[in-house]
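According to TrEMBL, the feature active site maps to ASP289, HIS338. Residues or ranges marked as active site, amidino-cysteine intermediate in TrEMBL: CYS442.
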Amino acid sequence: MTEMVPKPFKLLGMFVFLNCTVSSSRKHPSERMSFKFHPSIHPSSNQVTQPMLKLQQELGRSANGWVQRAFQSTSIAAAAQPRAEGPVDPVSEAVPEECPVCAYNEWDPLEEVIVGRAENAQVPPFSVEVKANTYEKHWPFYEKFGGQSFPKDHLKKAVAEIEEMCNILRHEGVTVRRPEPLDWSMQYTTPDFTSPGMYAAMPRDILMVVGNEIIEAPMAWRARFFEYRAYRPLIKEYFKKGAKWTTAPKPTMSDELYDQDYPIRTVEDRHKLAAQGKFVTTEHEPCFDAADFIRAGRDLFVQRSQVTNYMGIEWMRRHLAPDYKIHIISFKDPNPMHIDATFNIIGPGLVLSNPDRPCRQIEMFKKAGWTVVKPPVPLIPDDHPLWMSSKWLSMNVLMLDEKRVMVDANEHTIHKMFENLGIQTVKVNIRHANSLGGGFHCWTTDVRRRGTLQSYFH
């Protein structure tokens with residue numbers, strides 16, 4: 001994002017604005033941006049002050065260098081390039097022509113991905129927000145192990161599975177990045193609550209890439225309050241190389257964010273409450289998990305869930321407008337949390353729709369010409385521990401491109417479904433990793449996909 005400055009010029013009683021402009025024909029962040037100088041104020045020669053002369057000298061010395069990004073936004077601003085022999089602030093380095101962060105949908109060719117870590121994963125304390133997102137048969141597990149490590153042997157197998165998944169992704173030509181391994185057993189206290197941590201296993205929950213922007217989500221579980229720390233070194237690296245970086249308003253997670261008396265005893269209770277639009281999270285402050293959004297170019301689809309409230313959705317709507325449109329959709333789901341094992345868009349106008357959790361707005365997709373595919377019943381055994389999710393992780397797949405998909409090696413019926421769609425399956429076994437709450441889509445955040453911004457929903 002640089003352009004050579006013309007020959008040294010003289011500043012004669014004239015302020016100069018450095019205005020970074022982008023041609024209206026620019027379609028993609030990889031296209032070159034250019035700087036233009038625009039005169040703003042033309043005082044007479046007797047109005048030239050000592051600071052102006054100093055600015056003139058600095059600009060003259062810098063004219064043969066490379067123009068850096070504007071360093072401050074003020075009513076009257078100028079940019080000066082450090083001398084070539086001087087140190088260069090890495091944050092101010094020239095932005096490369098190709099942004100390291102760029103993805104518009106779930107299926108363009110995948111070039112770089114963040115894969116989570118199972119190391120040091122802790123069972124979250126059995127608080128009201130955790131209880132509302134887990135099934136009754138697993139409540140004794142949380143009551144026993146909440147605030148402790150997941151079973152060591154199971155965790156060791158999950159770590160090995162994810163390492164193999166990373167190796168396969170590299171073999172498929174994808175650059176793999178990982179969050180920092182941190183100690184999640186540490187207890188922390190804020191003015192509003194006390195909790196240990198959980199893990200950095202599911203980057204899809206906390207990070208979402210929209211265009212060349214990476215967004216940190218304000219998640220709703222107290223055990224995940226400091227999860228962003230594992231990803232900050234990566235995000236800072238992407239930022240220094242030109243990506244946009246946004247952190248949504250961090251919630252206080254005070255008691256007011258949760259319905260402390262949320263009445264959940266049976267699946268029937270949950271069906272009834274969800275149908276009434278009642279959730280454990282209130283509208284006290286914005287909160288959302290990034291995994292409650294699914295991208296299709298200029299259109300993003302989201303559900304109101306136990307971890308995503310309307311204030312969070314409205315924050316995203318305002319933040320992404322007018323380039324992107326947010327559509328709220330809903331499902332017959334007794335435990336709505338994360339959209340990608342319920343409604344997973346896998347291609348332009350192609351979506352997997354969970355037959356057990358039908359979409360109430362499915363007709364609008366059909367009217368738009370989309371193909372709606374109902375995946376087969378999952379084959380995962382009922383006795384396999386899925387402490388934080390349902391067996392429908394079988395449809396929680398990661399598209400490597402329109403014709404390649406990473407899918408559970410054990411789910412033979414869904415392999416056949418993809419073959420009938422003309423999509424090649426890359427089979428990987430992550431059954432023990434599934435137990436921590438996610439499939440391939442959950443365990444990843446796609447940082448860069450090779451494609452352009454388009455509209456797929458009309």
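Positions of Cβ are set from backbone N, Cα and C atoms, glycine also.
Nobody curates TrEMBL annotations by hand; they come from automatic prediction.
Here the C-alpha separation of the residue listed as 'active site, amidino-cysteine intermediate' and ASP289 (active site) works out to 11 Å.
The two recorded residues, HIS338 (active site) and ASP289 (active site), show a Cα separation of 7 Å. Residue environment of ASP289 (active site) contains 25 other Cβ atoms, counted within 10 Å of its Cβ in all protein chains. In this view, HIS338 (active site) is surrounded by 27 other Cβ atoms within 10 Å of its Cβ, with every protein chain counted.
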